[in-house]
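The next block holds one structure in the form of structure tokens; read it before the comments.
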Amino acid sequence: MLLHFTKMHGLGNDFMVIDLITQRARLRDEQIRQLADRRFGIGFDQLLVVEPPRSPDMDFRYRIFNADGSEVENCGNGARCFARFVRDQRLTHKREIHVETAGGPLTLVVNDDDQVTVDMGTPRFAPSDLPFDATEDRPLHSLEVDGERYEIGAVSMGNPHAVLRVDDVDSAPVERLGPLIERHPRFPRRVNAGFMQVVSPHEIRLRVFERGTGETLACGTGACAAVASGIRQGLLESPVTVHLRGGDLRIEWSGDEAPLLMTGPAERVFEGRIALA
Ligand SMILES: N[C@@H](CCC[C@H](N)C(=O)O)C(=O)O
């Protein structure tokens, strides 16, 4: 069968987006890995799937798969692309869109300048929310990696994040530590590893080694988690501009139970049809 797809990106974090409301398909893990391959397939960091909602209060169900085929709870850059996709495909005309994800409900708002603001919900720090093997909920946890001790913030944005503060993201050992943190035994479902450089209370630089994908040019939930961890540690104040290798995001969070808002662009690159085996 031929499956219609759209290739999109949010700050260079790239996606294959498929509409499973007007089309039918069931993708196996190995098919997702093959489609994600940048030489033998289409190439993407995540596959985003649009489905009908299960709850009548929601507009869509939004499912996310990493390049390794694993299904995950949330994807921030993907959420902005999702909003743009459902409007471009005329699946909705709404500017405020409510979606179900495996990590909880999200509200996506398409602004007049076509940037998208996502209400990402409230950051969670309890170790059991990630999950993370630790007895206390603390701003920083000591983690031994490759014989060295690091202080990390543990944050759930629906999906799990470990945030490590570094002096300079350009020289940070992302390629070496990223995979070790991702698969650290204290994170039983693996984790996304963020490397945050604080530039000022309102500005950070960030690189993220993503669970199931590797380092990406930008990670939306990673940006939210880094800012939430930085605010909790008293290093940052809302709003915060996050400089990622693919561009900038604006994050606002007034703390405690307040929702965290992420604003940034969403771009369509091309459309195509692919034969599924
Ligand atoms: N790129 C995403 C995050 C995608 C999921 C992540 N790799 C995970 O496994 O949790 C973003 O923009 O948030």
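Numbering starts at 1 and runs along the chain as displayed.
The backbone N, Cα and C atoms fix where each Cβ goes, and this holds for glycine too.
Listed features, source TrEMBL:
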ACT_SITE  Cys75  active site
ACT_SITE  Cys75  active site, proton donor
ACT_SITE  Cys219  active site, proton acceptor
BINDING   Asn13, Gln46, Asn66, Gly76, Asn77, Asn159, Asn192, Glu210, Arg211, Gly220, Thr221  substrate binding site
SITE      Phe270  site 'Important for dimerization'
Cβ-based isolation winner (fewest other Cβ atoms within 10 Å) among the binding-site residues Asn13, Asn66, Asn77, Thr221: Asn66
Close-lying recorded positions around ligand 1 among Asn13, Cys75, Asn192, Phe270, where CB distance stays under 6 Å: Asn13, Cys75, Asn192
Spatially closest candidate among Cys75, Cys219, Phe270, the listed recorded positions, to Asn13 (substrate binding site) (Cα to Cα): Cys219
Maximum Cα-Cα separation (Å), residues Asn13, Gln46, Asn66, Gly76, Asn77, Asn159, Asn192, Glu210, Arg211, Gly220, Thr221 listed as binding substrate: 16
Candidate nearest Asn66 (substrate binding site) in space, where candidates are the recorded positions Cys75, Cys219, Phe270 and distance is Cα-Cα: Cys75
Where Asn13 (substrate binding site) sits in the secondary structure, as DSSP reduces it to three classes: strand
Protein Cβ atoms within 10 Å of Cys219 (active site, proton acceptor), excluding its own: 35
Cα separation, Phe270 (site 'Important for dimerization') to Thr221 (substrate binding site) (Å, whole number): 25
Nearest recorded site to the residue listed as 'active site' by CA-CA distance, among recorded positions Asn192, Arg211, Cys219, Phe270: Cys219
Nearest recorded site to Phe270 (site 'Important for dimerization') by CA-CA distance, among recorded positions Asn77, Asn192, Arg211, Cys219: Asn77
Residues that sit under 8 angstroms from Arg211 (substrate binding site) by C-beta distance, when 6+ apart in the chain: Asn66, Ser70, Val72, Asn159, Pro160, Glu182, Arg190, Val191, Asn192
The residue listed as 'active site' - helix vs strand vs coil (DSSP): coil
